[in-house]
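Colleague: Dumping what TrEMBL says about this protein:
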type: BINDING; residues: B:CYS44, B:ASP46, B:HIS105, B:CYS108; note: Zn(2+) binding site
Protein chains: 4
Amino acid sequence: MPHLPEHLLTGYRNFMSGRYPAESGRYRDLAREGQAPETMIVACCDSRSAPEAIFDAGPGELFVLRNVGNLVPPYAPDGEFHSTSAALEFAVQSLKVKNIVVMGHGRCGGIRAALDANSAPLSPGDFIGKWMSLIAPAAETVSSSTFMTATERQTALERISIRYSIANLRTFPCVSILEGKGRLSLHGAWFDISTGELWVMNKDTGDFERLEMA
Amino acid sequence: MPHLPEHLLTGYRNFMSGRYPAESGRYRDLAREGQAPETMIVACCDSRSAPEAIFDAGPGELFVLRNVGNLVPPYAPDGEFHSTSAALEFAVQSLKVKNIVVMGHGRCGGIRAALDANSAPLSPGDFIGKWMSLIAPAAETVSSSTFMTATERQTALERISIRYSIANLRTFPCVSILEGKGRLSLHGAWFDISTGELWVMNKDTGDFERLEMA
Amino acid sequence: MPHLPEHLLTGYRNFMSGRYPAESGRYRDLAREGQAPETMIVACCDSRSAPEAIFDAGPGELFVLRNVGNLVPPYAPDGEFHSTSAALEFAVQSLKVKNIVVMGHGRCGGIRAALDANSAPLSPGDFIGKWMSLIAPAAETVSSSTFMTATERQTALERISIRYSIANLRTFPCVSILEGKGRLSLHGAWFDISTGELWVMNKDTGDFERLEMA
Amino acid sequence: MPHLPEHLLTGYRNFMSGRYPAESGRYRDLAREGQAPETMIVACCDSRSAPEAIFDAGPGELFVLRNVGNLVPPYAPDGEFHSTSAALEFAVQSLKVKNIVVMGHGRCGGIRAALDANSAPLSPGDFIGKWMSLIAPAAETVSSSTFMTATERQTALERISIRYSIANLRTFPCVSILEGKGRLSLHGAWFDISTGELWVMNKDTGDFERLEMA
């Protein structure tokens, strides 16, 4: 008997009877020829913001890094284990993606934790606390903006963190060089779970603008 | 003009005209009530192994961490930034997921890099090299198994790395305690990109067995 | 009273009342004209992997050599008694078979013995130990792959031994010459006792691929 | 594309659509619990004398060694590679079979070669010549029995060789000890390809008697 949660077994059977037969040739080609995605997405682990769903993406289309809060730490070639930097290096240097999109989303639990820095750690290791401290200076400033509502502070920090991650992307030499040559472009996006709206970052101003569906 | 790659704009329009209207109530509920996924998936960034596709999962169903090679490093409460540990802590302590599935896949580029440890680093930071060195002892052993074909070595290390990550999950006190109490279960799975087959780890032996579709 | 085990007497009566009458003409022709099988199979003695069952083969179809582990030793014209080489010579030079298939199988006791080389010999002659030492170098390498499960090591060595036997077939001048002329082709196959699956060796890579039944 | 002769592909498909479904439970059990055949058969490679067909045997029933002429060489613990002795040791010591049947057959090409010892070797290695020389003293005597017809000489040597192999079985200490204890019994049989008749050796006289079908 296979040990998998029942909902995954059911889901996989749906996949094999539905989507897979329709895309089996594509999977087979991708297996033989390797992946060649044009775009890397840095997204959050949140169960409500799957990039493949939001961008209706098929196999081979998106190289997806997901961590809590869709954060990219700054470049730090210190010999430590950096899962985010490793994924970035692989996408840019090996797969030669043309786009990197940092996609945040509303009601992000990681951002909420960053805004509530005085709460007790989730466990003695306090890994979330440490991880979200990457945006601690911004989180502290936003937390003290008491004229904003809790929701406004949350949305503000979600967007700040996207700009922060994009700025950190540019601390990686390979990213900044390729961006300078016009061979790589960086994007920001924010997904509103409640309405399905996608807000896209204006590259000039850093503002987020709702995508018109025309 | 929004700055997003054209294929993402197209995909998002498909989402808004197709999947979203059918699931808008679910998104709205998930926004209001928060996520409560039963299952965390640790998967690879690879564009051909999206957990939501393979498990036909809708919004709110899967909390998904994705890094290169679907690796979980061992517990190390050292104050460093650990994106994987942070996601794990959040899933277990805050979301109280009931299952964690480590899902690897065939033809994994990260595993290939680990098997080819003598190749030049992708960039001066050598982040992939460092990240994949988590499984260096196994990679060295498998690399020296020259009686096996390149594909056999690759598959062997892909499965070893899943067992390794599951073993590391158990080094986290919160995981081992909850597993001991029967409130959290750990699973391994391996996806064959070429055929769509899912192989599930036998908990007793560590072997991977193909899921019967019957 | 004939001295035969009861189950063989029963089986033989079934043969004479069932299969034989249906194929008596074929047996008669084969007796008169001699055998002219197109294919030689090198298989294991294992009671669960009879080539005639797996290939639904009738009388006259398969010339079958069976030894423990389906091994072909390398060419050694040293004047010793070589049952395997004798069968090979007879099949190729006298019967002029067009194909030789080396067929291994899962859960092979001979392969298990090779992986467990430190166990006590079965008898003072240690014939199994000596026979399986033909693949000792590979067995030692695989045995030391402790990151693999016992089943993974077993399957790996089963497949290695098939490739080894095929390589040894080519050390026989008559085989390599005829193969070079396109008059003899060599194949590898691996039978999964548990599922009935047949995995066929890819001649280019040496990998084993499951036969699609489609 | 799998590289297997077409007739094997067809045969395997017949097996999977016919016999396997009817016996899948038995295969599965045999895989899980291991083989435990009661009987070892030493038979010839000849394509017309498959033991599983003649004894209507299912998976798990017969442990089958097949070489040219169904010969068992005498016990020789000399450290050389002895495939026949290895199979015998495995059957008796590890599987603990209760019966060993040496089954010869009519029109055996190996026996014909032994009777025709002055013919040119099949190849420079002369493996068949060397292998069949195991019964050279009997072959020379029979060859010189010019009052017998060629067919009579052939049948005579086929039966002599069965008795010879049974005698050699008893040179293996493990065989003679177990036979003495009544835990192993040895049998001889000869299959007439043309008529389907099975002749069984009388243990007391060594004569072969046709099995009555009652």
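Each residue, glycine too, has its Cβ placed from N, Cα and C.
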Colleague: Identify, in sequence order, the residues in the chain of B:CYS108 (Zn(2+) binding site) that are 6 or more apart from it along the sequence and have a CB within less than 8 Å of its CB; answer 'none' if there are none.
Modeller: B:CYS44, B:ASP46, B:GLY69, B:GLN154, B:GLU158
Colleague: According to DSSP, which of helix, strand or coil covers B:HIS105 (Zn(2+) binding site)?
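Modeller: DSSP assigns B:HIS105 (Zn(2+) binding site) to strand.
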Colleague: Near the Zn(2+) site, what residues other than B:CYS44, B:ASP46, B:HIS105, B:CYS108 in the same chain have a C-beta no further than 8 Å from the centroid of the listed C-beta atoms?
Modeller: B:ALA43, B:CYS45, B:ARG48, B:SER49, B:GLY69, B:ASN70, B:GLY104, B:GLY106, B:ARG107, B:GLY109, B:GLY110, B:ILE111, B:GLU158, B:PHE191, B:ILE193
Colleague: Return the count of C-beta atoms lying within 10 angstroms of the C-beta of B:HIS105 (Zn(2+) binding site), excluding that atom itself.
Modeller: 24
Colleague: Determine, from DSSP, whether B:ASP46 (Zn(2+) binding site) sits in helix, strand or coil.
Modeller: coil
Colleague: What count of other C-beta atoms do you get within 10 angstroms of the C-beta of B:ASP46 (Zn(2+) binding site), across all chains shown?
Modeller: 30
Colleague: Report, in sequence order, every one of the binding-site residues (B:CYS44, B:HIS105, B:CYS108) having a CB within less than 8 angstroms of a CB belonging to chain A; if no such residue exists, report 'none'.
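Modeller: It is none; no candidate comes close enough.
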